[in-house]
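Student: Quick paste from TrEMBL:
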- 3-92: domain 'CS' (DOMAIN)
- 147-172: transmembrane segment (TRANSMEM)
- 211-233: transmembrane segment (TRANSMEM)
- 240-259: transmembrane segment (TRANSMEM)
- 328-345: transmembrane segment (TRANSMEM)
């Protein structure tokens, strides 16, 4: 393979040297500074097509040995730090500029240009501070944050108690723990789900920036299962499906609530963030399936007991069983799953897309 020299463009600041190597789809890069000389070697598509390219530059003055570089589809960007911060009259030790080297006019600034740029940035910073100082601060901001922190903390502790209780009982009793889950954890689940109604109120009051509909669908759906299906039918309270519904709910919430709790105080744990935006992918569909099983198992019980049945006129005779409402609810349940799933997917996509932008 022929060994060639790529086109290289340079610019400087008081403390740095910027090099732009005109080499697209570069690979096998070897870039280093030895004895104040930068050595470059790599394969890619340059002025002479796909080949191996190399060059060396002996700098005008001492530089640090650390080299930062980033390869894109179009070029290779290199940054080298000067030993002392001042402007050089030229880049290389030799007075005659190498033929492959040219100024990078896109980044080229003189010393006076940089001073003007810094001055403008400082003026912008001062102006932004002035504007922020004119914006009235929310006098209740501390109260709002304290309320949100305590709400999420209480919910986290409640669902953690449920999760630990069910896990310990599962290890001790095995499958027998399935059938008395309701009697051992229902009181705490009642408390947590009644508290969850605040998640519908909070966005309406402007306390949190979240969509109202997904919160309403989740809270309403869970409370129908808890208070109507499990709470009103004694026969349902002894079924194994209660264990799976409660366990899947708590698995989601023991990561969701601490994520929001830390967000109130401006703190983030990367692992917790990943769990918050990833665990719902398998757990939400599984939770919906478990809830659907509970509804299906309750249909015959509502038919037998006529609980919540709607009386019909004497001409029609009898009454309309509540089970027909639950059959409609089954359809709405999976529609709600689709709405929530799409909402959470958009949240996850927006979250990690913005993080990638920050890293670049």
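Here, residue 1 is simply the first one shown, and the rest follow in order.
Even glycines carry a Cβ here, placed using N, Cα and C.
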Student: With a Cβ cut-off under 8 Å, give me the same-chain residues at least six positions beyond the ends of the transmembrane segment (240-259) that come close to it.
Tutor: 152-153, 155-156, 159-160, 162-163, 166, 175, 177-179, 181-182, 185, 189, 192, 222, 225, 230, 272-273, 275-276, 279-280, 283-284, 286-287, 290-291, 293-294, 297
Student: Given a Cβ distance threshold of under 8 angstroms, which distant residues of the chain, six or more beyond its ends, lie next to the transmembrane segment (147-172)?
Tutor: 181, 184-185, 188-189, 191-192, 195-196, 198, 202, 207-208, 243, 246-247, 249-251, 253-254, 257-258, 260-261, 264-265
Student: Could you break down the residues of the domain 'CS' (3-92) into DSSP helix, strand and coil, giving a count for each?
Tutor: 0 helix, 62 strand, 28 coil
Student: In the same chain, who gets a Cβ under 8 Å from the transmembrane segment (328-345) while lying at least 6 residues past its ends?
Tutor: 211, 213-214, 217-218, 221, 224, 277, 280, 284-285, 288, 291-292, 295-296
